[in-house]
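What follows is one structure encoded as structure tokens, with my remarks underneath.
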Amino acid sequence: MERKKLETMLIRGCQFSSGQTKPAWCGLIPGSSKVRLCGGLVWFSWSCADDHLGDEAFVGDLSLGLIYMLFTRMQYGQILLLFLFLLSEKCFYSLTADTTSKEFTSPEHPRRYPPYSRCQWQIRAPKGYTIIVKFRTFHTEDGCTNDYVAIFDSLSPDSTYAITKQCGLRPPTNPLEVVSSGNIMLVNLITDKVQRPGFRAVYTAIPAIAASLTAPTGNFTSPHFPSFYPPLVDCNWHISVPADRKIKIEFSMFRVKEPGVDTSICHKDFIEVLGKKYCGEKPRLVLSSATNTLEVKFHSDESYTDKGFSVTYTTFDPVNPCPGQFACTSGYCIRNEQRCDGWNDCEDMSDEKNCNCENEQFNCSNGLCRPQVFVCDRVNDCGDNSDEEHCDCGRAEERCGDGACIPQEFLCDGKNDCADGSDEVSCVASAAICNDFSFKCKDKQCVNKVNAECDREQDCSDGSDEQGCDCGVRPYKHNRIVGGQNADVGEWPWQVSLHFQTSGHVCGASVISNKWLLSAAHCFIQPDTASHFLRFPISNWLTYSGLRDQNMLDSVQKRTLKNIITHPNYNSMSYDYDISLLELSDPLNFTNTVHPICLPAPTHVFSAGSSCFVTGWGTLREGGSVAQILQKAEVKVINDTVCNMVTEGQVTSRMMCSGYLTGGVDACQGDSGGPLVCRSDVGKWFQAGIVSWGEGCARRNKPGVYTRVTKLRDWIREITNI
């Protein structure tokens, strides 16, 4: 398309009557024109139809100190201002991509980039090719407000063509990879006063993707998976199998997210199957065809892309789709004993329909069956809240978190009248009045606020509630790996592996400072045949911090132990007080892969139903071998009343349950002494528990039991001063 370069100019100011600065050229530009930036020059195009600049766009020479403004909409003198910044000739680059990999970096990389940098890399490839940019290293400030990398599917920083906006620190195992839809791309680096090492990236021209694809058998993925799929892509996969068979597709990864998109509508990027559109992020998606053919469509619009998807498809006999198992409506197969157990194992509720509840089960209004102990526990177990209806206590009573009723005068009286302490948790009282559920400031004042510590709000007059909060953060930026159990590099930087002699890994621990680790007492004290305790010699232990792969011990921080302190009240029969502190001979160096976990205050509340994670090199199944790669498992905090019931009264106040009563996920995915951690509302990770004991591994109605850290927090502080 023909374009006319009218003028370039330095911008000067004139005055509005209100005193505001106004550009000197105000009112001189026709309302039908467009203002463009190419090569750092301001230029004007009479065309309003083509915002997507191509190869023929004008690129001029830069003059140091040229100030430019970029505008994208003009209507009768009203102009939308997008950018105002100083562009140095040292930070604008015009690159040409070919089939060989070439490199570019942020200014002064690997040293920290200068403050207030404004840099652009315009990349062009030959016609018929697209551009892929792979960031080998990436480290900017967190937050993406004033310090970020923005990538565009055009040569101008027009938000209409934004592919992605990224910031933070990314591990080598989770690199940023972006693909253009055509033969042009723009990479912008915007920084503020905070300086970071920046990035190193390589760019390559690759053949363009065909508009329509077919796959007769096997697996298929979004374009360039696991790189971010390109914008402006439409792909079709047509699957055909013999007439007596049907098709089941299962997504092992599904990330098709875009900011501000309603996932019930999916009007931008989406996958379409059987006339229904899917978008967002899904932990598991299984779909089945109605006939022996199935068409899968994928569409991405002009802005913002994501990791995409990976699909495996199989065929099945519609007469017997799941031999020896129950067939979900989606085609997913589950064990027969999971049918009508009160849990949504199919994820489409088809296993819980048309069920008759047993005597010990509650019949939810939606037809589900739930354990009777779940009624009135302040957790919506039915999904329609029917298990929490009609749970009011008497007029002069208040209900505890476990469903029990107490007299109203017991509420906020400074005494633990509810078994779970819920009558004292959310009390509002004078800062001078302290009770067992108040946060204690260092100046002896009290704050009656739930989880006051490290919430980025100063509640104590001396600020002690926000001291010591450089913990519970993961320096590396992580994508959620849907359906996976292997942890990423640096994903759990407080995780420690404890090795004994030549036996290798035997227990887990967590970093709570550069000198101290937290673990379980039963890792170090074992009853011998005469019922006396045998303490393992301290010289037999080694600790490995920053470890992910047990076969790569040489690449992490190895330390010996100076001291092992187990709780004096530890009971090897009941596992009560199952906690130990490990003092290191030499301090740790905090890095991207080694960082301490936050310890909760004694009054910290980990609510029933909260989602937490247990990590370690435990077995993947009961009786299985120890994992080589660090494992992670998402679990739920279980109500204390339910916990005590399913363990037949074996839990004490120093214990807590977490997991799923359905089974399938448990601390065998972690291991003894390892941490149970939960994320706070402000993004801090706190250690709620220590892996202690359990019956079997991931069994139904047998959750994992953990040492409750809050109950032993004062003992930890007394020993370590943390």
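Each Cβ is built from the backbone N, Cα and C atoms, and glycine gets one as well.
Binding of Ca(2+) is attributed by TrEMBL to Asp301, Ser303, and within the candidate set Asp269, Asp317 the record adds Asp269 to that site. The recorded disulfide partner of Cys279, taken from TrEMBL and restricted to Cys266, Cys322, is Cys266.
The disulfide partner of Cys434, as annotated in TrEMBL and taken from the candidates Cys418, Cys427, Cys446, is Cys446. Looking at Cys364, Cys369, Cys376, Cys412, the record from TrEMBL puts Cys391 in a disulfide bond with Cys376.
With respect to Cys643 (disulfide bond), the closest of these binding-site residues in Cα terms is Asp269, chosen from Asp269, Asp301, Ser303. Look at the Cβ of each of the disulfide-bonded residues Cys357, Cys382, Cys643, Cys657 and count the other Cβ atoms within 10 Å; the largest number goes with Cys657. The DSSP secondary structure for Cys405 (disulfide bond) is strand. The sparsest Cβ neighbourhood within 10 Å, among the listed binding-site residues (Asp269, Asp301), is found at Asp301. When secondary structure is read from DSSP and collapsed to three states, Cys643 (disulfide bond) falls in the helix class.
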